[in-house]
Amino acid sequence: MNKFLIIDGLNLVRRIYAAIPDETDMQSLTERVSSACTKLLRVHRPTHVAIVWDGDEISWRKQLYPDYKKGRKPMPEPLAQGLVALQDHLTAMHIGSIYAAAEADDVIATLAIKTAKAQGEAIIVSTDKGFSQLNHRQISQWDHFNQQYLDIAALEQKLGVERSQFLDLMALAGDSGNKIPGIAGIGPKSAAELLKTFRSLPTLFSSLSNLGAKQAKKLAEGKEMARLSYKLAQLQTDLPLNINLKDFRVIDSLPEKTINQD
């Protein structure tokens, strides 16, 4: 069985970069990233590995909602200037890169789902909890910095909803980190309580008459914003990848087919 280690490139690199005292010390960054990748390979023993990078195009999410991720700090100039050399170094280590047009998240999600559907195992290396929506038994998420898998049960307990309701929760309460708006006046706790009672957004919005007038008014007025927020939070899992698995092979394995689903 194929085991694909999928690394969220900038999520890993920027966290490592932030811990380097001298922001111009790209040699130290290269060494630390190389060490991290070597450790990831040693710990997980994948058959395949890829590191996925964000691109420069404006994402479809930002086109849909211009405030999406508004206020995010730009990449530090030394890192921006040294990124290509770092990517080349990783290629020399036989860690293949995949370059997204805009956000890496949708490419990572697509690759993970396609791997799982092909009876393989996908391990996403990222601290971004947005990947927790990929509810498939063959997909897991590894936090390199805490050296542990994402604990879905603990996350469910923290959020107060089941995994299948994570997107509904973000649709109602938003996501401040990504500037996903949600419905004005509906916070995470009240959103979780609503989902405990009504289970899903369609059921909730068809049951507003069962709520108090004030809360029902908020939800009715915010219905379209909830739909927008859901769409912004939901990862795309059906992008055409057009990659050949042999280009990302770590160890000898049986011949692979090309992933090229439209």
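Each Cβ is built from the backbone N, Cα and C atoms, and glycine gets one as well.
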For which of the residue intervals 59-64, 185-190, 257-262 does Swiss-Prot record region 'Interaction with DNA'?
185-190
Using the CB centroid of LEU172, ALA173, PRO181, ILE183, ILE186 as the K(+) site centre, which other residues of the same chain sit with their CB within 8 A?
ALA171, GLY174, GLY182, ALA184, GLY185, GLY187, ALA191, GLY222, MET225, ALA226, SER229
How many Å lie between the Cα of ILE186 (K(+) binding site) and the Cα of ASP105 (Mg(2+) binding site)?
26
Three-class DSSP secondary structure - ILE183 (K(+) binding site):
coil
